[in-house]
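Database features, via Swiss-Prot:
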- 120, 124, 125, 126, 353, 354, 355: (6S)-5,6,7,8-tetrahydrofolate binding site (BINDING)
- 228: site 'Plays an important role in substrate specificity' (SITE)
- 229: N6-(pyridoxal phosphate)lysine (MOD_RES)
């Protein structure tokens, strides 16, 4: 039976949910900064026969037989990742960014060691020392933030906390910070206290690969990233290092320390996305991502909304709604009703709970993949402000929804759906 089974015939409930999600992606504008649309080739690799193969270990050193072809797949992914980011070492097995990060902790630290990372409400990530995450539960996590007046990373605070707490590892990187990070300053601070420098570049990896955002690889001991977001690949993880002497520790931390068998279909999809990112048109795409973000930020600021740190130099922006006495939860709902998907997000010193928040985060990778240019991005920013200004007025929502549907029809995600 299973040899000729189809989801449509065998599981109509699941099939309908999948079809509905396809329609949602085609008919909504995606502005969640961590989401993107991967290519048909990436999806082809991820849906391949490779999903059937177990391959514990690494190329040439497996615990299972029949790995001669998946060895080729994984080595292609490794070699392309190293070429793309100028690294001496790459591990393509982490199932996700969080798994990559936990492997770094396992490789470089002992339980209870002190780490210094960006706080969640300043734009950091759960795995950078948040008290509800393994990084804050199993380790002594100290958190740095932003300069209140500018919204920029408070490097003086980073240095002061490093001198005071002597962390074994300093974490740089972010999930909601829109400016350029000074990797050299972080390196200098880490060296001053003998700490490892670990950079999580998950949000800007595609920009880094294209050379439109400074690379942390020459400065950090270890770099991790997801492979979706700006990199436009499958939902998965990657570890890089300029120091191949760390290879054994990192490899052992991934397998057997943190994971069992690698997902060979996902690794194949990563190999495809790395090849795509090595092409000239990928640089053009990333340049447009930043242009679109800047165009949106300009309109949003002109309409009276505050962007934390004063603007954007990458693909995202964090909009504070404190002055408008509006919650991120409300804004998320209103925009969603208009066909525009964003996410509520905490802002620095947010008085609201993480389930409510006082801000929204938006990003341009997905709309740029779709084909938006600066003028269209600016128009979209205006629609967002119209919805927020109206506080969810039904007529404004309906008018905006009609505009969204029109441009989505003009710029489909995948031509197969036409």
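Placed from the backbone N, Cα and C atoms, the Cβ positions cover glycine too.
In this structure, of the binding-site residues 120, 126, the smallest number of CB atoms within 10 A of the CB marks 126. For the recorded site, residue 125 ((6S)-5,6,7,8-tetrahydrofolate binding site), the DSSP three-state label reads coil. It is 24 Å from the Cα atom of residue 354 ((6S)-5,6,7,8-tetrahydrofolate binding site) to that of residue 228 (site 'Plays an important role in substrate specificity').
Around residue 355 ((6S)-5,6,7,8-tetrahydrofolate binding site), taking its Cβ as the centre, 9 other Cβ atoms fall within 10 Å, counting all chains. For residue 228 (site 'Plays an important role in substrate specificity'), the same-chain residues that are 6 or more apart in sequence and have a Cβ closer than 8 Å to its Cβ are 34, 35, 36, 38, 234, 235, 236.
A separation of roughly 17 Å, to the nearest angstrom, links the Cα atoms of residue 126 ((6S)-5,6,7,8-tetrahydrofolate binding site) and the residue listed as 'N6-(pyridoxal phosphate)lysine'. As a whole number, the greatest separation of Cα atoms within the (6S)-5,6,7,8-tetrahydrofolate-binding residue list 120, 124, 125, 126, 353, 354, 355 is 17 Å.
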